[in-house]
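Comments concern the structure below.
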Amino acid sequence: MAFSINDNMLLAGVMIISALVATCSANFNQDFDVTWGDHRAKIFNNGQLLSLSLDRTSGSGFQSKREYLFGRIDMQLKLVAGNSAGTVTAYYLSSQGPTHDEIDFEFLGNVSGDPYILHTNVFSQGKGNREQQFYLWFDPTKNFHTYSIIWKPQHIIFLVDNILIRLFKNAESVGVPFPKNQPMRIYSSLWNADDWATRGGLVKTDWSKAPFTAYYRNFKATELSSNSFSDSTLQSNELDAYGRRRLRWVQKYFMIYNYCNDLKRFPQGIPVECKRSRF
């Protein structure tokens, strides 16, 4: 376990944060358990690379040995190549139980040549229904790309290659539950969801292309004490002017679904958190 200081904080002279921030680069053998799928989940390269596979019999999955409460989670993924229609690669944080909290990345496969859909969601006290979906601006099957979650008491941020794609603010002041009390484990799985994943279930999994395989590397967890979240810390990095411009760029050109704009789904009015300022 090593201690690190954010560069912006260092430049600002906020040295005390070093005692509150701990960064851990993981070894998959030491930090994760394969939870299902038998031989379909494999760890290579002395714990530095992990793969999940799906065939007609079963998918596979893993979870972190420990739980986290606030911080930043980074993972590099290379998704199922070729015809991935019907498959879902999920990478998320979750607690357990009927009132669980959850922060989701899900990658919905597609036929060859068509883009993946990146599906995001936030659950608090067992309630989700806060979906935003995006196309990616690159082919996520050709190389590894970094998918990150920053979880603070004030907000949740989703990043792709360190580009802000979604900001979910704490709206407890207007009665919206927010994940802040339940520690969560990291989970990932590759599974068949051809009843809904691709074009609403119209395109089924082509099992002649099995096994389908996704790869993981360079996991990193940066834990932050809730006591370390000053207002200056919150605004100094991911929510600076450049980050906000990138967020607007992603939402304008790559967002394909936003629950806040789905008037048919919410005929009685959009959820209250949608009425608040995005920034």
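Every residue number used here counts from 1 along the chain in the order it is shown.
Yeah, the Cβs are placed from backbone N, Cα and C, and that goes for glycine too.
All TrEMBL annotations are machine predictions without curation.
These features come from TrEMBL:
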- E102: active site, nucleophile (ACT_SITE)
- E106: active site, nucleophile (ACT_SITE)
- 22-216: domain 'GH16' (DOMAIN)
- N110: N-linked glycosylation site (CARBOHYD)
- 1-26: signal peptide (SIGNAL)
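In this view, N110 (N-linked glycosylation site) is surrounded by 19 other Cβ atoms within 10 Å of its Cβ, with every protein chain counted.
Rounded to a whole number, the C-alpha distance linking E102 (active site, nucleophile) with N110 (N-linked glycosylation site) is 25 angstrom.
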